[in-house]
Amino acid sequence: MESSEVDPESLERKQKFLGQAPLHLAARKGHIEVVELLLKSGASVGNADEFGFTPLLCAAERGHAEVVKLLLQSGASVEAKTKDGSTALFSGAANVEVVEVLLKSGASVEAKNKRGDTAMHFAATGGKVDAVQKLLAAGAKVDVANRNGETPLLHAVLQGRAEVVAVLLNSGASLTRKGKLGLTLLHDAAWLGHAAVAEKLIAAGAKVDAGGHPPLVYAAKGDQRHVEVLELLLKSGANAARKDEDGDTALHHAAGWSGNTEVVAKLIAAGAKADACDREGNTVLHIAALKGHAAMVEQLISAGAKVNAHNREGNTPLHEAAKDGHEATVKELIAAGAKLDAANKKGLKPYDVAKKGGRYAVMALLKEPDRPSRPDRPSRSEREEMHRGPRVLRGARVPTPPMDPEDPLGLL
């Protein structure tokens, strides 16, 4: 059988499993001549499959506007719903021609599915500006919320649909609605790295320093795609040196997450302090060392970070790097003058911390001049001496004293 041919038995099994009739498949594929033939042969336009999809819903979902029009003219219900409560307008929200046909046939723009979503939510998620505009012109509410409190604007923000965001904002969508993070929409855009969306939100009045954890800290956590958002926030007045409600700066967040050196460079250039401390006394260098961001460690030291700073537990950045066995970071710190003999409040030196965690490679780097080379293990000569005795005795004849007949066991 050629790869382009359809296996009739396979197709029949699929139809039986989904409860679909030939009209469903023809409508889904957009084969309008086949649809016409089936309708003339008496095929039911109202037959629903296992998920509640009628042929109309199948055609709408695939964007076949002419098939949608034909099915409606043949008596298909424009308000037929799937099992989750979605109508054809939901399914066709990604195609403006389908939306136009359905609206002309009386489709309700206010219909909601079981999640509380409307066709506007679907159009915004899909990023279809023209479909969104058609729905708004037909009376769709711009700030309608689903059961989770999510608006079409939030859906557009989460998907990075900047053009849709602009249309919704210009149509009066509210910026004060909470985002997915429970904060503002700008926080969501910053967290997801959607720079174009963030720009639209800021232009509409979104506050760049809003919340106990400002959007800047979310952008600082990210990777390369978040750099553009970070630049935008800084240019828009975000405070690079600000501490969040937990006492961390954006630099602390950058160190604790991606360790992106470009993010660090831009924050420092904007006024972030390389030696800023959190509530535990950790500098940014402590956090970068703990995470093993060697390149960032070098960068912070060049920016003036104190290599021997102690946190509240008395740990230096070298303690933190030694703890998790970050060899490259340990080397950077030592090269920058980190003290090998610095003790924390428990009296532990970086070497002791590495030993406690079984970080043997780091222990070798942290060995002080007067410390034995392998204090935790016998030396090679000692190990050989330990094993030499048994090798000599194996197979050797050991002289024994003569036995006393009156005391054979040697007890007397």
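Cβ coordinates come from backbone N, Cα and C, glycine included.
Feature list (source: TrEMBL):
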| type | residues | note |
| --- | --- | --- |
| REPEAT | 18-50 | repeat 'ANK' |
| REPEAT | 51-83 | repeat 'ANK' |
| REPEAT | 115-147 | repeat 'ANK' |
| REPEAT | 148-180 | repeat 'ANK' |
| REPEAT | 181-213 | repeat 'ANK' |
| REPEAT | 211-245 | repeat 'ANK' |
| REPEAT | 246-279 | repeat 'ANK' |
| REPEAT | 280-312 | repeat 'ANK' |
| REPEAT | 313-345 | repeat 'ANK' |
| REGION | 364-412 | region 'Disordered' |
| COMPBIAS | 367-388 | compositional bias 'Basic and acidic residues' |
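Taking the repeat 'ANK' (18-50) as a whole, pLDDT averages 92 in the prediction. Long-range contacts of the repeat 'ANK' (51-83) within the same chain, counting only residues at least 6 positions beyond its ends with a Cβ under 8 Å from a Cβ of the stretch, are 18, 20-21, 23-24, 26-30, 32, 35-36, 39, 45, 89, 91-92, 94-95, 97-98, 100-102, 105-108, 111, 113. Same-chain residues lying 6 or more positions outside the repeat 'ANK' (148-180) and placing a CB less than 8 Å from one of its CB atoms are 115-116, 118, 120-121, 123-129, 132-133, 136, 142, 186-189, 192, 194, 196-197, 199-201, 204-206.
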